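What Swiss-Prot annotates here:
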DOMAIN    14-198  domain 'UmuC'
BINDING   18, 116  Mg(2+) binding site
SITE      23  site 'Substrate discrimination'
ACT_SITE  117  active site
């Protein structure tokens, strides 16, 4: 019987920094008249015939149930008084680089997860500060003092717990999870909020009666491995606050994509192209967040019989522009010689990053 050894390195000092409602906060900073009003970064559905997707929104808008990846139309229905801003992604990228420079004052072991989120390993840092909490506070102070923006921070001995900690108290919060607090902190948490546990895994866990960290803690290691393979061992460790993944300063992302499965099959060209437009917007949002441009657009289609078709097209210049991605996706779809049949999944991916 295969049992992986449990090795828990609690000697590291990891900080997870997550900017608070980043795009919206930059807009509020640059236009103080927006403060106190619900701000939604996304196309105004009144100007686009209801099309568009929310990139992010401030905390005022979130009180109305608005959130990222929601259609702009639904966001308007929930919050008609919301102020829609299409967004200035070049400005956000420039501010993101300023934040990165602040991180570099303390350590070079930085793993950016997106334009507004990163892990920092400060076990050995440039200033010789022993307290990771002190460094997190200094970073928050620097970001506010120099950029007038707030960030939430999580501090722990691994990335998994630091990420969870940064979500505890927002905005401008700082939460620490110590080794002896890990299991207690995770026990009441919804399993869907465990970083790295996807939707399908959550569904399988629910089938097993697992809804919280405490539930997961009760499941034997071999049961999880039998159900999930090696990922089952990862789940077993996560429930115990164990994760030894290093902070990778040279982490390279090769592609960014979004896909959607439809409960009701798509048949009409109008519906299919409408969905491709929504996917293109989501891909643009993700590309912007990760500061990436790519030269190849990949369209993925899964039909009713579960057969899958993938086709790509290369561009002369790298892009992160929604209009270019949408146009190329439509061109790829138009070039297909498939007989009309129901579509259960559509996916759009951009790769070939520069």
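Every residue, even glycine, has its Cβ placed from backbone N, Cα and C.
There are 21 other CB atoms within 10 A of the CB of residue 117 (active site), with all protein chains counted. Summed and averaged per residue, pLDDT over the domain 'UmuC' (14-198) gives 95. All chains included, 23 other C-beta atoms sit within 10 angstroms of the C-beta of residue 116 (Mg(2+) binding site). The DSSP secondary structure for residue 117 (active site) is strand. When secondary structure is read from DSSP and collapsed to three states, residue 18 (Mg(2+) binding site) falls in the strand class.
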